[in-house]
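Trainee: One structure, as structure tokens, below. Some questions next.
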Amino acid sequence: MCGSSRFVLIRDLHIAKREEDIGFYAGFVGASFMFGRALTSAFCGLVADRYGRKPVIVIGICAVVIFNTLFGLSTTYWMAITTRLVLGSFNGLLGPIKAYSIEVCRAEHQALGLSIVSTAWGIGLIIGPAIGGFFAQPAEKYPDIFSQDSFFGRFPYFLPCFCISLFAVGVLILCIWLPETLHMHNVNKMQDGTIETLEAPSHGSDLKENANESEERATTENLFKNWPLMSSIIVYCVFSLHDMAYTEIFSLWAVSDKSYGGLSFSSQDVGEVLAISGFSLLVYQLFLYPSLVKFLGPIISARVASVLSIPLLAAFPFMTQLSGLRLSLITNCASLLKNILCVTIITGLFILQNNAVPQHQRGAANGIAMTGMSLFKAAAPAGGGILFSWAQKRQYASFLPGDQMVFFILNVVEFIGLLMTFKPFLAVPNK
């Protein structure tokens, strides 16, 4: 559920005493999912390395079907928090999926494989909120179809959650045909269908070379001592903090009243903006990003995207001076460009992380990355909500009044992430 829908949900649950405090409570609903995922991501990565990517992926999708539906039936604030927390705890599939995308692609296509993952992730962050914007409170938006006395009138947020759960059921069925990729490096499949095990070398020189390789692998077995991996994970966490905070703040800012520095959008207006961004993001990732990363590389492309994000974010507070078609056009273009820049950065860091470890450690490495990222993303909605609520109370401050302070702090985090992409902090893994 997007920030705008959570904003309305918190208002309807009557947990906040003033409108300025709604963002504070909405942030914790968003944070609970990420906190739950932080608790189990490393464990899920270890399970994926031992038993396979597919079981972890299937369990995560089943969790979406069950607990996302229950979230739509929430009637109290604490029920909403609890269902999101449990959903996050069972949702450790992103790390194994990242490892999977590397393993099913040849080396020259790995950037495309990871870009598809980040595309799906980015589109989910956009289309999901769009679904929430269109289908939340259906009895109010579509009274000719849904009456106030119907089930959907009693549970106004069930319909968008049910739509997403229904989509997850379809994905779960498709997983029947999903091949397992774990240990593909240990066996060769012959053309006649038989499996040939790779035998150890028998010559003295080969044994010596194999021993050296084994010793080298042993030195990198401890992932926490693998600085190319850990540095890319830390940078990834900083940018994830920024992106999640931006996603939360954008929706809250867009639906807040212009008297508080917002855009006075409805949740449906926000849904339309995010849906347009999602479609454009798909086109960019499939057709433009692979060429960009071949030309610039993952690090340079991430730096360029980060530099461009700073002036773009600085311009957001001044959109409140626009209205009508100009406001709609500028907001759509700014949202589209910001999401493209975000995905460019994240995909580049995905590539660095997966190139920093061998296949047998990718599940665990991505699990560590998901744990760190989830902790940062758990802080982002709560921190963003608190920051947004505080900024709305200082509309007439002499220094960076209102939402100007919000976007300034987002730019500070972006700038810190940009600095961390340079040496000596960020270490590039050997090819």
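Note: Cβ is positioned from N, Cα and C throughout, glycine not excepted.
TrEMBL: automatically predicted annotations, no manual curation.
If you look up TrEMBL, you'll see 1-429 marked as domain 'Major facilitator superfamily (MFS) profile'. Residues or ranges marked as transmembrane segment by TrEMBL: 22-48, 55-71, 112-137, 157-179, 233-253, 273-292, 304-323, 329-352, 364-390, 405-426.
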Trainee: Check for me, if you would, whether the transmembrane segment (329-352) reaches the transmembrane segment (22-48) - at least 3 Cβ pairs under 8 Å, residues 6 or more apart in sequence.
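Mentor: In this chain the transmembrane segment (329-352) does not contact the transmembrane segment (22-48) - fewer than 3 Cβ pairs sit under 8 Å.
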Trainee: Restricting to the same chain and to residues at least six past its boundaries, which positions have a Cβ under 8 Å from a Cβ of the transmembrane segment (304-323)?
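Mentor: Residues packing against the transmembrane segment (304-323) from afar: 239, 246, 253, 258, 261-263, 296, 330-331, 334, 337-338, 340-342, 344-345, 402-404, 406-408, 410-411, 414-415, 417-418, 421.
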Trainee: Using Cβ atoms only, state whether the transmembrane segment (233-253) and the transmembrane segment (55-71) have three or more pairs under 8 Å that are 6 or more apart in sequence.
Mentor: no
Trainee: Is the transmembrane segment (22-48) packed against any residues at least 6 beyond its ends, judged by a Cβ distance under 8 Å, and which are they?
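Mentor: Sequence-remote neighbours of the transmembrane segment (22-48) are 1, 3, 6-7, 9-11, 15-16, 55-56, 60, 77, 80-82, 84-93, 95-96, 99, 182, 244, 248, 252, 363-368, 370-372, 374-375, 377-386, 388-389, 392.
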Trainee: With a Cβ cut-off under 8 Å, give me the same-chain residues at least six positions beyond the ends of the transmembrane segment (112-137) that come close to it.
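Mentor: For the transmembrane segment (112-137), the sequence-distant neighbours (Cβ-Cβ under 8 Å, at least 6 residues beyond its ends) are 1-5, 8-9, 94, 97-98, 101-102, 104-105, 156-157, 159-160, 163-164, 247, 251, 266-272, 274-275, 277-278, 281-282, 285-286, 289-290, 293, 339, 342-343, 346-347, 350-351, 354.
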Trainee: When the pLDDT values for the domain 'Major facilitator superfamily (MFS) profile' (1-429) are averaged, what is the result?
Mentor: 81
Trainee: Do any residues of this chain, six or more beyond the ends of the transmembrane segment (364-390), have a C-beta under 8 angstroms from a C-beta of it, and if so which?
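Mentor: Long-range Cβ neighbours of the transmembrane segment (364-390): 3, 20-35, 37-38, 41-46, 48-49, 88, 92, 94-96, 98-99, 223-224, 226, 229, 233-234, 236-238, 240-246, 248-249, 252-253, 353-354, 356-357, 403, 405-406, 409.
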